[in-house]
Amino acid sequence: MSAILSVDDLNDFISPGVACIKPIETLPTAAPPAGDANSSLEVEVILDGQQPEAKSNAPPAEISLTDCLACSGCVTSAEAVLVSLQSHNEVLNMLDSAPALKLVGPDANGKHSVQGLENSDAKLYVASVSPQSRASLAAACGNGVTEQQAGRMIEQLFLGEQGLARGGKWGNKFTWVVDTNTAREATLVLGSDEVLGGLIAPSDKAATPVLTASCPGWVCYAEKTHPYVLPHLSRVKSPQALMGTLLKTSLSRILDIAPERIWHLAVMPCFDKKLEASREELTDAVWAGDGKPGRGVRDVDCVITSKEVLMLAASRGFDFFSLSASMPPQTPRFPDQLIHDFLFRPGHRQQSREAGTSGGNMHFILRHLQAKNPGSQIQTVPGRNADVVEYKLIAEAGEVMFKAARYYGFRNIQNLVRKLKPAKTSRMPGGKPFGSAKRPAGKASGLDYGYVEVMACPGGCTNGGGQIKVDDQVVVDRKGLAVKPGPQEQKEWQKEVDEAYFSGDESGSRAQDESLDLVVDGISPSHIRNVLTHWSTLTGIQLERLAYTSYREVVSDVGKEKKMTDTERVVQLAGKIGGGW
């Protein structure tokens with residue numbers, strides 16, 4: 001390696017671009033009537049360094065959060081832009097806006113009703129929490145607090161009288177807090193069926209190799225920078241998105257209320273999840289409309305990170321770590337028995353270390369295929385660094401049945417997309433192709449994988465940008481650190497977070513799964529398919545609209561030649577002729 005460029009000089013941060021792909025356009029005012037003394041052409045001349053006089057009647061500039069998806073900034077710096085748009089303050093403002101809707105029932109006929117609908121601002125509050133966020137908060141608690149115990153503290157925050165209800169204008173609290181692990185299990189089965197051709201698969205299947213699409217940072221990067229990989233992205237929604245769709249569709253149809261009356265908060269390890277929640281593909285315009293993306297009601301109304309959970313408690317005037325880790329208050333039953341059993345299963349299933357810290361999409365596919373082929377073995381081949389690993393499923397006879405890989409971090413992702421880039425064909429008759437087309441088919445590493453698990457963060461989702469870091473003041477104070485933590489301390493801290501993530505009770509697996517045909521890592525694919533089919537029947541919506549999503553190339557006009565106005569032409573011409581004003 002060159003002495004000028006070392007590994008220490010490299011990182012995954014890309015500075016935001018200075019140009020906006022959606023510049024503010026000022027519409028021309030109506031032309032003055034003929035004969036007006038002021039109707040002659042006037043050109044405003046501005047000296048260098050001066051700003052034009054603001055027009056008092058100019059319309060306010062508006063840039064929607066969806067427009068941010070098309071910005072020229074990078075995906076890893078998106079959190080700096082979006083943190084003020086979806087934050088803990090938005091949660092508090094919403095809770096204090098009006099009395100919450102209350103679920104009543106069931107009555108003698110098994111029907112539920114909702115009280116408070118006469119107030120148009122009233123909402124039914126539901127929160128979903130990721131296991132990575134629970135692990136981060138558990139590590140911050142210290143003293144051997146497990147992920148499950150941290151989860152109970154979060155439930156006390158959202159459901160208990162000593163949580164957010166304390167000090168609020170209306171004393172509002174959430175009706176339910178659900179675990180995104182349940183939605184993750186559904187996405188694992190859906191993803192396996194998509195890759196292996198199972199019973200449930202999207203009509204528009206992804207091209208091989210199928211690439212994970214549950215990481216919004218990676219998806220945003222692909223849409224803006226490498227659109228040629230979009231056909232490879234898995235069509236299965238992320239656990240956050242699937243949970244949002246499940247809650248909004250089920251509750252709105254069962255309770256006969258509009259989707260906007262249900263307010264869904266997600267607690268995630270990543271700031272880029274705020275980007276995901278703003279996607280037009282994840283609104284009721286898709287599942288309740290014509291199936292096409294549009295500006296409808298979001299399936300996830302707000303996303304906050306693990307760090308912001310602490311800020312949420314502090315804004316109400318108490319310390320999150322003072323909350324009890326005991327069982328939370330009893331909540332109403334979900335108004336559908338099968339979905340209730342799916343969302344609120346007893347126990348807490350332990351995460352598999354082999355599956356990693358990002359949900360285990362690839363590992364589940366391998367284990368599912370292995371379960372169908374007795375005697376086969378999974379072989380692991382380490383890559384160039386810890387965030388690149390290749391996996392092979394070897395049949396009992398010795399042949400390779402399936403290959404998959406794990407690529408974490410943008411440095412490794414860039415190597416992956418380079419291998420997937422289509423070859424440039426020569427324009428000369430009989431010319432040789434360029435790039436990857438020179439290599440024989442099947443020889444290029446990365447192209448013969450059946451599945452690739454791609455995550456933007458090195459180390460996976462437990463190392464997300466919204467996680468609590470070792471140099472955060474709360475960790476420094478609770479650990480009593482005398483000096484500022486460095487990279488080595490962060491590595492040790494990450495190990496603590498990972499240990500909390502893998503903590504759990506093995507007895508938490510569903511006992512009823514054992515009686516079914518096939519169980520993979522404690523998950524019954526047939527049981528998940530039954531739940532998904534029931535969900536589709538209950539809502540009257542095709543599963544294609546509920547469980548799958550789409551992607552689109554984001555085209556930027558940065559660097560493209562733009563049309564000049566008459567004023568700009570006059571100024572440019574004067575500069576050329578007279579040497580400038």
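Here the Cβ of each residue, glycine as well, is placed from N, Cα and C on the backbone.
Swiss-Prot lists CYS20, CYS68, CYS71, CYS74 with the feature [4Fe-4S] cluster 1 binding site, giving sequence analysis as the kind of evidence.
Annotation comment: Swiss-Prot describes CYS215, CYS270, CYS457, CYS461 as [4Fe-4S] cluster 2 binding site, evidence class sequence analysis. Contacts of CYS215 ([4Fe-4S] cluster 2 binding site) defined by a Cβ separation under 8 A and a same-chain sequence distance of 6+ are given as SER238, CYS270, ASP272, SER358, VAL454, MET455, ALA456, CYS457, CYS461, in order along the sequence.
Listed in sequence order, the residues GLN132, GLY217, PRO269, ASP272, SER358, MET455, ALA456, GLY460, ASN463, GLY464, GLY465 complete the 8 Å Cβ shell around the [4Fe-4S] cluster 2 site centroid, once CYS215, CYS270, CYS457, CYS461 themselves are left out. Put plainly, the binding-site residues CYS270, CYS457, CYS461 were compared by Cβ crowding within 10 Å, and the winner is CYS270. For the recorded site, CYS215 ([4Fe-4S] cluster 2 binding site), the DSSP three-state label reads coil.
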